[in-house]
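**Q** One structure is given below, represented as structure tokens, and several questions about it will come after.
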Amino acid sequence: MAASQPVTKWRISYRISLPAAICVGMRMRIWTTYSPLAPTWLHEGFMDQARAKITANYGSWKICAVLSKSYVPLADDCRLTCLEHIFVGTKPMVALSLAKLTGQGENILLAMGGLDHKVHFYCGSITGKFRHSCELKGHTDWIRSLDFSLPIHSECGEDSIFLVSSSQDKNIRIWKIVLLISLANQDARYKKDEIGLASYIEGPVLVAGSSSFQISLESLLIGHEDWVYSVEWHPPLPACGNETERYQPLSILSASMDKTMMIWRPERTTGIWVNAVTVGELSHCALGFYGGHWGPHGKSILAHGYGGSFHVWRNLGISSENWQPQKVPSGHFAAVSDISWARSGEYIVSVSHDQTARIFAPWTDEAYHTSWHEIARPQVHGHDINCVTIIQGKGNHRYVSGADEKVSRVFEAPLSFLKSLKHANLQKANYNEDLSYEVQVLGANMSALGLSQKPIYVHASNKASDSSDLDVVDSLESVPDAVPTVLTKPPVEEQLAWHTLWPESHKLYGHGNELFSLCCDHEGKLVASSCKAQSAAVAEIWLWEVGSWKAVCRLHSHSLTVTQIEFSHDDCFLLAVSRDRHFSVFSIGRSGNEVNYQLVCRQEAHKRIIWACSWNPFGHQFATGSRDKTVKIWAIEETHVRQILALPPFSSSVTALSWVGRDRPCNTGFLAVGMENGLIELWSVFADSSTPSKFGAVITVRFDPFLCHVSMVNRLLWRDVNSGNSRTMQLASCGADQCVRVFEITLS
């Protein structure tokens, strides 16, 4: 949201009883909320202080709100009113925090930090009128995070507020703000007391209304080895015997780019702040933590890292602290370009422009409760991945992926994944016990450049474990970096990022540009691939023989990029659609070890780019979908192709299609249609009972927009298309909104 655009109404959950500070670039705005509706109670009792933040880099809004000894009402409609604009100079501010000062009056203290390495204090009231009071120096790099504590009562009876700040200088500073009765009393106190360390680290005096506050440096926390992006005080806890009051535990959570989070507390005897707990992410794929957050009662902590990954640790200890990683939702952090179901539907593989391939599967626990989880991350690549296909047929699990490079890569499931998949399905998966003797690869290691994944063999892992037992010095040749293990429960982020890789078995060279589309025939004998193209010489389809991985055919028909290719369900035909608005149908035959092909038809089908195609599982009919917002159904009749049906125009460009059969004798099924606006529709397609060559279609259901994608649907794919008699079907989809969705459709 640009700073110049007026904000008149926001949908928010909390009505804020004190102003909120919003910083965009070099201008600060103070906002307050107003709601004409009667408030509804969200909490029982009162809250001493609550904070709500939205943090981001400059160019984005940053909101901080403080509630002090006030209820938190919930309103259906709230208005934000701008109280004041504050120009903060030429250096942008990236960290903000608000607090209510102790003493007389309703004074509010706003702290901000940014690129000038200083902490600036502004004092004002609930009606605005914030004025610059003082600034704190100490950090030597950009300030990244600020957070105020609740007022803390000391043994001598004084109330103090602590401000914690973190910076790119790798340090954390705790500032103490104490109310002064008068400057004369302050001078008299120091005349009586001996000169100590505190007298040399005192900062400026903050004047707010009729009250004065002494600011001093309480502690300097050194422990992180990289930028400290986030610091946060422990959430307030209810006081003993009084549920309406809260007290501030002396505990700080920090998150850093050194891949660790630390909990800092003062020692009971000396009062010196020390690092009490350290947790972190050890995988080579993690690039550090961009923020950390406490759980509601401080029993758990959450960090978010590069790529939107979440990391949660929970304190499971009773007499002593024992922080253990917990399973959290995971997924892609860039557009999901393609998906492919396993041959028996046990799992789904998705690839994305976040340069990863991920496997999602239903996991059944001992109580027979089933939920979907990411169970493996078989590929972590150095290029955006555009397409994927799983090899059908017998043998081990394999898939082929294509990225923004000229080579396709073949991956084979390691032994650790096969056994983990068995646990996920409570030993009901399609798992061949004899296969474990054939598969001698336990897992994979990432190469230095992040392109190829080298296998870790079972015997090599055994040698590594033997050498560790003999206290032999570790080396790269004897001990692999990754530690593939058999998973008995859904893995956490650290395991996914490094220990669930699949080894790369082959590279397929031949295309002249970046890979764009892949598919495999239903017998698992041929793989077809296409690449981005601007000429007919490059827009060719390559056929690869599974096993030998030799190129057996090069099919020429199109002049621009082939956007999707798909084999018919009897593997007799190969259908291709292209950006040149044409589709092509090739007949595929095999004689011995040779593969023969012939172009059956090349036809201009739409007025705009054709994005999607799908075959009828029960015949030689297929559907095409285009940017011209139409879906057409075609039938192969001997040596030519004829259009037999056109669905009514859709509201947006058609970008994905998937056809599933339901009744073979009647030749009926469902066609799922995905669009550029993220919506999905389900159409019932059926052959005419009197004239089987004619087809009809009626709309069955339009998916709820809240269940659909919010951006372009890139692929739709039905699960286990051969289960025609089942009353329940599952449809998987992926889109540019970075999501993979699995819909369950129950037929009435």
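Glycine is no exception: its Cβ is also placed from the backbone N, Cα and C atoms.
From a predicted model like this one, the values you see are computed outputs, not experimental measurements.
When I checked TrEMBL for this same protein, it listed these features:
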REPEAT    136-177  repeat 'WD'
REPEAT    329-360  repeat 'WD'
REPEAT    603-644  repeat 'WD'
**Q** So, by DSSP, how many helix, strand and coil residues make up the repeat 'WD' (136-177)?
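**A** DSSP composition of the repeat 'WD' (136-177): 0 helix, 25 strand, 17 coil.
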**Q** Please list, for the repeat 'WD' (329-360), how many residues fall into helix, strand and coil according to DSSP.
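**A** Summed over the repeat 'WD' (329-360), the classes give 0 helix, 16 strand, 16 coil.
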**Q** What average pLDDT does the predicted model assign to the repeat 'WD' (603-644)?
**A** 93
